[in-house]
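First up is the structure itself, then whatever we jot down about it.
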Amino acid sequence: MRLIIEPNYEQLSKWAANYVAAKIKAANPTAEKPFVLGLPTGSSPLGMYKNLIELNKQGVVSFQNVITFNMDEYVGLPKDHPESYHSFMWNNFFSHIDIKPENVNILNGNAEDLEAECASYEARMKAVGGVDLFLGGIGPDGHIAFNEPGSSLSSRTRIKTLTTDTIIANSRFFDNDVNKVPKTSVTVGVGTVLDAKEVLIMVNGHNKARALQQAVEGAVNQMWTITALQLHPKGIIVCDEAACADLKVGTYNYFKDIEKDHLCPCSLLK
């Protein structure tokens, strides 16, 4: 597993965006052979999305032959609700780039049969050849998507009950009222994410330091679902200095040394 340590959130976001753009360009996708991207919501990827929008406007990368699958969605929240992940993705990313609306896939949290919706989502990923690059962020408890602590590391797309910690954390988007936060979600599983050809996770801030320490130095453990990334042949974490607070000095120095030629975002797009 690679660990890319950037000085701050701005550089982390630029590195992630340039990495995504470089992967899409290298694949040279076509309508017949598109590039398939897994996408997260939340605060962690916002900077990356802004950078990708700029790269798209500059003509550096096109999303015309890119198919996307989002990680998760709340259950029971209307699609047009300002805090739905449909709204989040269109407001912060899709409406600003040249992606075809029919290539955007987001779980329907209002489906009559949620289990059928989850099974269909997995089938759609398989039908397009699987996800080439899955992007993600993590919570302070190390959860990826809505795979809360205790989730099976081989889990697939399914319905999940949110923990009180996650509900409290997400209440900042709902007028700080926990009663307005949906209590359930539909989410890709840990196994779904691990099926991708590559996985890139963004981790920023002191509040994620313990989760990053577990991800890099801890044992694979269902109570910290991010640790499953250790099992992936092409897993990358890009983080900022603040998130490294709990890493051993030796671990920090090791990754700084072996990645020293790859830390500049500009090195990715030549």
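One-based numbering along the chain as shown.
Cβ atoms are placed via backbone N, Cα and C, with glycine included.
Counted within 10 Å of its Cβ, the other Cβ atoms near ASP72 (active site, proton acceptor) come to 22, all protein chains included. In the three-state DSSP scheme, ASP72 (active site, proton acceptor) falls into the strand class. Here Swiss-Prot flags ASP72 (among others) as active site, proton acceptor, drawing on sequence analysis.
Here Swiss-Prot flags ASP141 (among others) as active site, for ring-opening step. If you draw a 10 Å sphere around the CB of ASP141 (active site, for ring-opening step), it holds 19 other CB atoms from the protein chains shown. In this structure, ASP141 (active site, for ring-opening step) belongs to neither helix nor strand by DSSP; it is coil.
HIS143 (active site, proton acceptor) counts 26 other C-beta atoms within 10 Å of its own C-beta, drawing on all protein chains shown. For HIS143 (among others), the entry in Swiss-Prot reads active site, proton acceptor.
In sequence order, ASP141, LYS160, THR161, LEU162, THR163, THR166, THR225 constitute the residues six or more apart from GLU148 (active site, for ring-opening step) in its chain with CB-CB distances below 8 Å. For GLU148 (among others), the entry in Swiss-Prot reads active site, for ring-opening step, with the evidence type sequence analysis.
Other Cβ atoms within 10 Å of the Cβ of SER151 (site 'Part of the allosteric site'), summed over all protein chains shown, number 22. The site 'Part of the allosteric site' annotation in Swiss-Prot covers SER151 (among others) and rests on sequence analysis.
Summarising the annotation, Swiss-Prot assigns site 'Part of the allosteric site' to ARG158 (among others). Non-local contacts of ARG158 (site 'Part of the allosteric site') by the CB criterion (under 8 A, 6+ apart in sequence, same chain) comprise GLU115, CYS118, VAL186, THR187, GLY189. Classification of ARG158 (site 'Part of the allosteric site') by DSSP places it within a strand.
All protein chains considered, the CB of LYS160 (site 'Part of the allosteric site') has 21 other CB atoms within 10 Å. Annotated site 'Part of the allosteric site' per Swiss-Prot: LYS160 (among others), in sequence order, evidence recorded as sequence analysis.
Its own atom aside, the Cβ of THR161 (site 'Part of the allosteric site') has 12 Cβ atoms within 10 angstroms in the protein chains shown. Annotated site 'Part of the allosteric site' per Swiss-Prot: THR161 (among others), in sequence order, evidence recorded as sequence analysis.
Annotation comment: Swiss-Prot describes TYR254 (among others) as site 'Part of the allosteric site', evidence class sequence analysis. Taken residue by residue with DSSP, TYR254 (site 'Part of the allosteric site') is part of a helix.
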State the Cα to Cα distance, in Å, between HIS143 (active site, proton acceptor) and SER151 (site 'Part of the allosteric site'), rounded to an integer.
9
Distance [Cα-Cα, Å, rounded] between ASP72 (active site, proton acceptor) and TYR254 (site 'Part of the allosteric site'):
34
